[in-house]
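Student: Straight from TrEMBL, here's the annotation block:
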type     : residues : note
TRANSMEM : 25-48    : transmembrane segment
DOMAIN   : 41-289   : domain 'G-protein coupled receptors family 1 profile'
TRANSMEM : 60-79    : transmembrane segment
TRANSMEM : 99-118   : transmembrane segment
TRANSMEM : 139-158  : transmembrane segment
TRANSMEM : 199-225  : transmembrane segment
TRANSMEM : 237-259  : transmembrane segment
TRANSMEM : 271-291  : transmembrane segment
Amino acid sequence: MGNFNTTSQESFILVGFSDWPQLQVFLFVIILIFYSLTIFGNTTIIALARLDLRLHTPMYFFLSNLSFLDLCYTTSTVPQLLINLHGLDRTISYGGCVAQLYIFLALGSTECVLLVVMAFDRYAAVCRPLHYTTIMNPFLCQTLAIVSWGGGFINSLIQTSLMMAMPLCGHQLNHFFCELPVLLKLACEDTGGTEAKMFVARVVVVAFPAMLILGSYAQIARAVLKIKSMTGRRKAFGTCGSHLLVVSLFYGSAIYTYLQPKGSYSESEGKFVALFYTIITPLLNPLIYTLRNKDVKGALWKVLGRGTDSE
């Protein structure tokens, strides 16, 4: 027995997917491929947004932030998961666990806020088109980005600090990284008051932003339905629909993991759900936003054309 905030034990053991040894080789190959594609896709979005002047708009500024966020988000867990699946090392130090918990929660919380900001950007573009450039000026865009990142890291600091104050029994985590619900399962004293505070903080950063996003898209849908041109409707719904799909994928898994009672949380199911929001969602984000986007396709061909010409 030991406390999370002491050095009575040197490390945790991450069980990972060792309960399913027949899946480990398959998961290793698939996750490695997905991780490589995630790095490539999100790096490409960031590079194109910086190189092409047509993409110097609020939408792509926030998309670049999202891509950079996803790069950090998936990198905070996947390399260790690959090592775990390879059977090289299944341990993580107390300090490493605290750092991983803090970084992962900070990045996840930041994405919750950033998706709200992106929904507001689409609301301004569709519902206030004549005033869009005035509303979404560079200063406001930079301020909203700073608020997103700052709010995410502050929320994580609160959650991690409360978690570190809890006495934990045992050193085996039935997961592939230091996930908050799994750590809460190790609490060996009645910590109902602390957990209630943590739950309120999670509601603020997960449920409240989701409600704001739904409200924004309700207004967007109302405005789009007033557009007489079918081409205009299709373009508006296509742009906003891709963002709404990203939101649904991210918030669906986040609500399942963080807004259900500790007693009903299934560690086995949680591991597979975690694969979805740590690996699949960061991979899908660049694809969903750019697959049918003519501006991004044009920027990509322009960059490739320059590369060909330079040769």
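For all residues, glycine too, the Cβ spot is worked out from N, Cα and C.
Remember, TrEMBL labels are computer predictions, not curated facts.
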Student: What else in the chain is close to the transmembrane segment (237-259), if you only count residues 6 or more beyond its ends and a Cβ gap under 8 Å?
Tutor: 108, 111-112, 115, 118-119, 122, 126, 179-181, 199, 202-203, 206-207, 210, 213, 217, 220, 224, 265, 270, 273-274, 276-277, 280-281, 284-285, 288-289, 291-292
Student: Looking only at residues six or more beyond either end of the transmembrane segment (199-225), which have a C-beta under 8 A from one in the stretch?
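Tutor: Same-chain contacts beyond the flanks: 109, 112-113, 115-116, 119-120, 122-123, 126-127, 151-152, 155, 158-159, 233, 236-237, 240, 244, 247, 251, 254-255, 258-259.
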